[in-house]
């Protein structure tokens, strides 16, 4: 599957996607701008890939500086094995679940550079995968799904500075959505966001919220993101330092995530109650990177509707068995979603499965257990002498 993007299936509440992110458009008036932003949410129209020669950035959308954003060492996983080249295949599935509306969005692009008309280097394959879990409406999730990849490919530092570019794309998307909401109040909503970029052997995951990415490394679950919950000690300290509070597990008693894009309509979230910036809810993503090796089998990305009922290792075990049976990431993502619904997930459920190898995951060989004697050599001699005496 080279690229997928979500469209609704009204009969069963599930979705699959077709189309590409839109070209950024210029506009000269507020009404025209609102129309442009509204067009972005029309899932039925055909969308063209970004072309660098046609990119026009609105004057207010200046690049957000992220020079102070870094990838923390504790969230960096390195595995040095050369000569491995990932062979990506992806599949995605989404279901409305027990909710009255679908607020999730996702994007899978197995050939990211080519899809956006960019020249690829000799670094190897490039791919982009994203899951966006909206709340209070679908608009923020759909906006992030369209705009994060757009800002990535527009950035002059892409792909040489992937970490900085990915962080900047989240923050620019948040700023752009604020402008969109100021032009059309009906767009007011928020979304968590997780984006994974594969470039050569480098996998970079940016997360803001409680979507999660889990890598299967020889059947072992490697979490490539951390859930940003208000009750997390690190997030709680940051929230309280920004003038917010955590009540009953909710940020300011209203939101069950500590990081998200949008939510500008919620008082005291993106701005402090005194009107100053840097409120307790931030869109800044947390990044994790790793170098892929032949031990890495597949990546699972899911919204919290998946992880509410799956432990990370449990999901890897489940997906691994399915891929061993059919080696089809689309079927595997569908089976993950269906299993989450069977386990009574109460949310929209979206899963993306990215296979990193052409062949299915191999059977794991259990290590042979070493036999430890419970008797010393002297004790064995004494026992043998005793048994010999019984025979006489």
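Don't overthink the numbers, they just go from 1 along the chain as shown.
Cβ from N, Cα, C; glycine included.
Feature annotations, reproduced from Swiss-Prot:
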type: BINDING; residues: 133, 304, 347; note: Mn(2+) 2 binding site
type: BINDING; residues: 133, 134; note: Mn(2+) 1 binding site
type: DOMAIN; residues: 89-356; note: domain 'PPM-type phosphatase'
type: REGION; residues: 1-26; note: region 'Disordered'
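Distribution of Swiss-Prot features across the structure.
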residue : record                : Cβ contacts under 8 Å, 6 or more apart
133     : Mn(2+) 2 binding site : 103, 104, 141, 191, 192, 193, 209, 210, 211, 303, 304, 305, 348, 350
134     : Mn(2+) 1 binding site : 103, 104, 105, 140, 141, 142, 189, 190, 191
347     : Mn(2+) 2 binding site : 97, 98, 99, 303, 304, 305, 308
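Across the domain 'PPM-type phosphatase' (89-356), mean pLDDT in this model comes to 95. What surrounds the Mn(2+) 2 site, by Cβ distance within 8 Å of the Cβ centroid and not counting 133, 304, 347, is the set 104, 192, 210, 211, 303, 305, 306, 307, 308, 348, 349, 350 from the same chain. Mapped onto three states, the DSSP output places residue 347 (Mn(2+) 2 binding site) in coil. Neighbour density for residue 304 (Mn(2+) 2 binding site): within 10 A of its CB lie 24 other CB atoms from the protein chains shown.
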